[in-house]
Each structure stands twice: as structure tokens, then as C-alpha cells.
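Notes follow the structure.
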Amino acid sequence: MTNEFLHFEKISRQTWQSLHRKTTPPLTEEELESIKSFNDQISLQDVTDIYLPLAHLIQIYKRTKEDLAFSKGIFLQRESKSQPFIIGVSGSVAVGKSTTSRLLQILLSRTVTDATVELVTTDGFLYPNQTLIEQGILNRKGFPESYDMEALLNFLDRIKNGQDVDIPVYSHEVYDIVPEKKQSVKAADFVIVEGINVFQNPQNDRLYITDFFDFSIYVDAGVDDIESWYLDRFLKMLSLAQNDPDSYYYRFTQMPIGEVESFAHQVWISINLTNLQNYIEPTRNRAEVILHKSKNHEIDEIYLKK
């Protein structure tokens, strides 16, 4: 962290966990295991120390938003409309965004009375592979230009205005948008939007994606650690694909392991690391909270915007 983060307060794990009264995590070890990402590590102690205080903080922000909306309604002399509380979650590939998002979905639905919580990943807003091929940018998949940012903005606008929306579905197994398949997203009490690009600006700079967020989280870690987690995940995906010819990873199961490791490392260097350094990490300071993970995946530091 540099002077770029002077407007953040650095909080140790020990201090953070003391900011919320100790309660029993509202999920079991088995549930936690079922929602964690393929190569991630998380414990019920992490839920107690990190995520329950975070869920409590989010509820504080939600109440503050509702109070402001009520006061604005009085000023405008009209009844304020209830809107979903939208949470953006960003960070590198393989850093654990999905685990954080799925866990928050459970915690908010179980700690806020009668709350409904929707979870959306921005992978569904990637252009289909055929479109990327036609545009000559298949090798730029994951970079800003490979996303239909206007569609993402339109989705956020409609959700913010209380409309239910159907969005495309992306499959990591086939490495493409699934034709004819849609995810129906309700305008719930909370809508969590997770993806590497959620803090980035569309090419139309007059509108910012972050303008739609009521709270935002960046999951951070050292570059060497993220690379190690990415390579580990890549190899584990191969083991799942051994008997699945439809999987994107099946082709790699037919290659010598040395070639596979070399290929995965090259993908990390040329795509994921470049994307992280040029487009993802520079948006880090747009988050309200930064969760920093150590080598063993444990969150050791929290940065809260002042």
C-alpha cells in the first residue's frame, strides 16, 4: 500500500474482530465447505473474525442509505422508493472473490430479518467466444474490451430501479456463454455483483459502474501468492475434466504435465497478470473496504475508507 491509500484506515485482524460482538456463525462447516471456491481456504473462525463484522458494517451502510433516501423524500415532497442495496466485489482472478461473495450472500440472508439476497457474476457479460473471434480479441478475453459493459450498466440501472432482469450465463467448464440459458435476477434487498471488472469504467466515461454501488469490496493479495493460487486452481480443474470431453480443460489432460504447467504460467503472465496490473489493481482504491489475504489465504489486514 502506498500514499494512494492515505484515505483508508488500516485495521489489523485482531482489532477488526473486536468490533463486533461474538456470535455463533449462522452456517455449518459443511455449508462453508460447499460455497468456497475450488482452491480457496476458509474456516468458521474466519467467518467469526472477518465476515460477521463485515456483514454488520454493510447493514450500517444500508440503514444510512435508507435514512438518507427518507430525508431526500421529505425534501422533494414525495415518497421515497425502496431500492436494492447493491454490493460490488472485485479483485484478481483466483484471489477468492467468489468465496467472499457467496459467504456474504448467506450471512446477509441469515442475519438480516427476512432479507432476500441475489448474487451475480459479471462473467455473464463477457461477449460470446464467437463474437470475440470475429472481433479478433479472443486472446484478450477478460480484458475490459471483452465485456459488454453497456449491457452491464443497463442491468445495474434496471436492478437499481427495482426491476427484475434476466442475464446471460457463463460456464467456466465450456469457457463460453451458454446459449439460450438465462439467470433470473430479482430486485432483492441486497444484490451482490462480483467480477474482476466491477470497478472499471466503460468506454462511455460519463457513467461509472461504481455509481450504482452502495458498498464495495476489493479482495487483495500479493501477486506471487495469487499466481500460485491460479496455477494450483488450473491443475485442479484438469483433474475434474479427465472424464469430461466437453470441458475446456479436457484438452490439457492429454498433454504432459510439464507442458500444461508451462502453458498455465504463460497464460498467467500474458493475460491475468497483465490484466491485474493494468486494469484491476488500479481500481482497488475505489472500494469501501479492502480485504488483504496472506499466503495461506487468511485475511490479515483490512482497509476501511475514511
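Heads up, the Cβ atoms here are built off N, Cα and C, so glycines get one too.
Feature list (source: Swiss-Prot):
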BINDING   Gly91, Ser92, Val93, Ala94, Val95, Gly96, Lys97, Ser98  ATP binding site
Lowest local Cβ density (other Cβ within 10 Å) among binding-site residues: Val93, Val95: Val93
Lys97 (ATP binding site) in three-state DSSP notation: helix
Beyond the site residues Gly91, Ser92, Val93, Ala94, Val95, Gly96, Lys97, Ser98: chain residues whose C-beta lies within 8 Å of the centroid, for ATP: Ser37, Ile196, Val219, Ile226
Fewest other Cβ within 10 angstroms of its own Cβ, chosen from the binding-site residues Gly91, Gly96: Gly96
Residue among binding-site residues Ser92, Ser98 with least C-beta crowding, 10 angstrom cut-off: Ser98
Three-class DSSP secondary structure - Gly91 (ATP binding site): strand
Number of Cβ atoms other than its own within 10 Å, given for Lys97 (ATP binding site): 24
